[in-house]
Amino acid sequence: MISAVFGKRRSLSRTLTAGTICAALISGYATMASADDGQGATGEAIIHADDHPGNWMTYGRTYSEQRYSPLDQINRSNVGNLKLAWYLDLDTNRGQEGTPLVIDGVMYATTNWSMMKAVDAATGKLLWSYDPRVPGNIADKGCCDTVNRGAAYWNGKVYFGTFDGRLIALDAKTGKLVWSVNTIPPEAELGKQRSYTVDGAPRIAKGRVIIGNGGSEFGARGFVTAFDAETGKVDWRFFTAPNPKNEPDHTASDSVLMNKAYQTWSPTGAWTRQGGGGTVWDSIVYDPVADLVYLGVGNGSPWNYKYRSEGKGDNLFLGSIVALKPETGEYVWHFQETPMDQWDFTSVQQIMTLDLPINGETRHVIVHAPKNGFFYIIDAKTGEFISGKNYVYVNWASGLDPKTGRPIYNPDALYTLTGKEWYGIPGDLGGHNFAAMAFSPKTGLVYIPAQQVPFLYTNQVGGFTPHPDSWNLGLDMNKVGIPDSPEAKQAFVKDLKGWIVAWDPQKQAEAWRVDHKGPWNGGILATGGDLLFQGLANGEFHAYDATNGSDLFHFAADSGIIAPPVTYLANGKQYVAVEVGWGGIYPFFLGGLARTSGWTVNHSRIIAFSLDGKSGPLPKQNDQGFLPVKPPAQFDSKRTDNGYFQFQTYCAACHGDNAEGAGVLPDLRWSGSIRHEDAFYNVVGRGALTAYGMDRFDGNMNPTEIEDIRQFLIKRANETYQREVDARKNADGIPEQLP
């Protein structure tokens with residue numbers, strides 16, 4: 001039961017190996033092979049992906065990452081008849097962000113905790129499963145859930161990253177290990193924290209598997225590495241932040257970092273100890289037209305610009321798109337979208353290429369909707385800024401310089417320089433995050449899963465003091481994120497919004513939008529049937545008219561959806577599939593406030609639809625979550641303030657601001673361990689639940705500080721118990737976190 005609570009179930013399905021089902025697998029492949037043969041998929045096959053429209057061979061279906069499929073068996077006229085064809089329960093009830101690949105009727109899906117599954121795409125039958133056995137204590141090395149966004153396929157092998165930093169190649173037919181490498185170089189200059197995780201999908205370009213990493217919230221120096229797809233040997237590496245001593249790393253990035261980037265940093269800021277950030281945790285794109293690899297580069301480490309770089313310089317290559325040669329990793333060009341970043345405005349969001357008519361000529365461009373709220377059009381071959389316009393409301397900048405694309409800052413938004421709080425829109429979660437956008441060549445529109453989640457930026461008082469195994473942002477963790485007063489919280493809740501924004505890139509203007517109940521919804525798929533598919537945080541899966549946003553179909557998936565759908569052919573029939581499971585930093589940190597998007601209890605699955613689906617409805621499940629347990633009546637009020645400080649420093653990022661959970665991980669107010677000092681210390685201090693992702697913290701806090709947290713939790717349980725009990729009596733379920 002405890003393992004299920006922490007979203008990592010130890011079950012029979014978790015123990016399946018390639019060997020136990022090899023015979024079934026081989027017979028299954030014999031029946032699934034088709035004329036749409038992609039089993040030998042390499043770069044040429046992916047370049048000509050539209051010759052194999054029934055497959056989904058790479059992360060964005062094509063190298064352009066447009067997430068458009070020409071399939072049109074399912075279209076506007078018949079999508080209302082869509083039915084559930086099959087579902088497959090997963091063994092991790094946490095956030096699922098993966099894009100499944102589908103090659104000749106076989107689906108390859110990565111799930112939370114870096115597991116890989118091969119599934120019969122027509123029936124949902126599990127063919128093989130691979131568990132890389134990521135250690136449970138790695139969970140607290142990442143900011144934003146133990147998610148995995150997908151895999152890559154090349155020449156009969158499937159590749160994926162693991163949360164503990166490995167890159168793994170498996171035989172696609174058998175699921176057997178071909179090779180495994182550690183992507184984090186032990187000898188490199190990476191900062192004191194060296195807190196790295198891998199949750200993004202690798203990309204393959206010219207026989208090289210390219211993967212990045214995350215970790216800037218703790219302390220990391222960003223880089224990507226290209227590995228030989230056949231052998232796993234390192235081909236090249238490119239760092240996205242300078243060496244703190246401006247010395248060579250003996251990598252492809254040495255020249256540009258030493259001669260161009262280093263000069264944009266203070267030589268003595270905290271970045272020299274923390275790594276500087278700039279991790280590439282999502283978007284890596286190969287463009288065969290320009291023959292370039294594009295990197296979307298992340299935020300600074302620490303976030304605080306004054307502490308990080310003494311308030312000096314643009315800090316290359318933070319918040320940038322960087323173009324490299326695929327064979328060598330040699331730098332070609334860069335465009336920095338957010339100089340002087342202090343808002344966590346990453347540029348790792350999906351990079352898309354397309355051919356766009358501009359001023360009477362067709363240009364090959366990058367279109368990009370990063371966190372900072374602006375929609376950029378950039379020349380894909382040269383990095384020249386063409387145009388930019390905000391696709392959501394922003395208050396940190398009044399616009400972009402029309403010639404250079406540099407932001408025109410609101411002086412008040414430079415909170416690390418003013419020393420004053422800043423209520424930023426968008427906040428750190430961005431106007432657009434990891435949820436994939438799509439483009440339809442039929443409508444000419446880009447469809448952005450946009451959102452508004454403000455953030456209260458407050459400087460850390462007394463200078464920057466990093467903590468091991470904790471977020472090191474240079475901000476006051478007791479005040480950031482969510483306002484304290486009831487009135488401010490009411491206003492904050494009203495500011496939580498989510499939409500599909502249909503954006504016309506030629507006009508740099510919104511065409512129309514679809515309003516959602518709140519933010520943190522799933523990615524978008526566009527199809528030749530003039531449809532958009534998207535799952536929502538409230539557990540509904542929708543199909544919309546791509547021309548005007550009309551809602552044409554919806555299905556109750558019972559759990560929030562943050563992953564993007566895919567579509568494919570199996571036995572000549574079109575299917576639409578998506579991974580189901582809500583998670584990530586929004587419900588982790590915002591906790592009770594995240595419930596405004598709609599309450600669901602996680603039951604992670606893959607679900608697939610067809611026009612003649614016969615699976616029937618999903619099994620009914622508990623929709624109220626764990627019932628509150630009446631807490632102990634007594635607590636030491638003298639200890640709760642320090643308990644709050646320790647909780648916000650070490651616990652809130654997973655268990656919710658002010659100790660209110662959103663249903664993904666345990667809500668500690670109702671944990672039985674808070675009733676007993678020894679039991680609580682065994683979990684928090686000694687790591688009794690390390691195998692399930694709850695690491696030990698006796699190296700970070702002493703027993704007195706851990707007990708202070710327990711006293712704080714008892715206080716919060718008493719303050720909120722009756723409200724939570726009453727809420728479960730209401731038809732609307734559990735309310736948002738409000739006094």
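All positions are counted from 1 along the displayed chain.
Quick reminder: no glycine exception, Cβ is built from N, Cα and C everywhere.
Swiss-Prot lists Glu217, Asp344 as binding Ca(2+), and of Asn259, Asn299, Asn304 the one it places in that same site is Asn299. Here the C-alpha separation of Lys371 (pyrroloquinoline quinone binding site) and Asn299 (Ca(2+) binding site) works out to 10 Å. With Cys144 (disulfide bond) as the anchor, the candidate binding-site residues are Glu97, Thr279, Asn299, and the one with the nearest CA is Glu97. When Cβ neighbours within 10 Å are tallied across all protein chains shown, the highest count among the binding-site residues Arg149, Lys371 belongs to Lys371. Taking Cβ-Cβ distances under 8 Å and a sequence separation of 6 or more, the neighbours of Cys143 (disulfide bond) in its chain are Gly214, Glu217, Phe218, Trp471, Ile585, Ala653. Sequence-distant contacts of Asp344 (Ca(2+) binding site), defined by Cβ-Cβ distance under 8 angstroms and a gap of at least six in the same chain, are Asn299, Trp303, Lys371, Asp428, Gly430, Phe455. Shown for the domain 'Cytochrome c' (635-739): DSSP residue counts in helix, strand and coil, namely 61 helix, 0 strand, 44 coil. If you take every residue in the domain 'Cytochrome c' (635-739) and average the pLDDT, you get 84. Largest Cα-Cα distance over the residues recorded as binding pyrroloquinoline quinone, namely Glu97, Arg149, Thr279, Lys371, Ile585, equals 19 Å.
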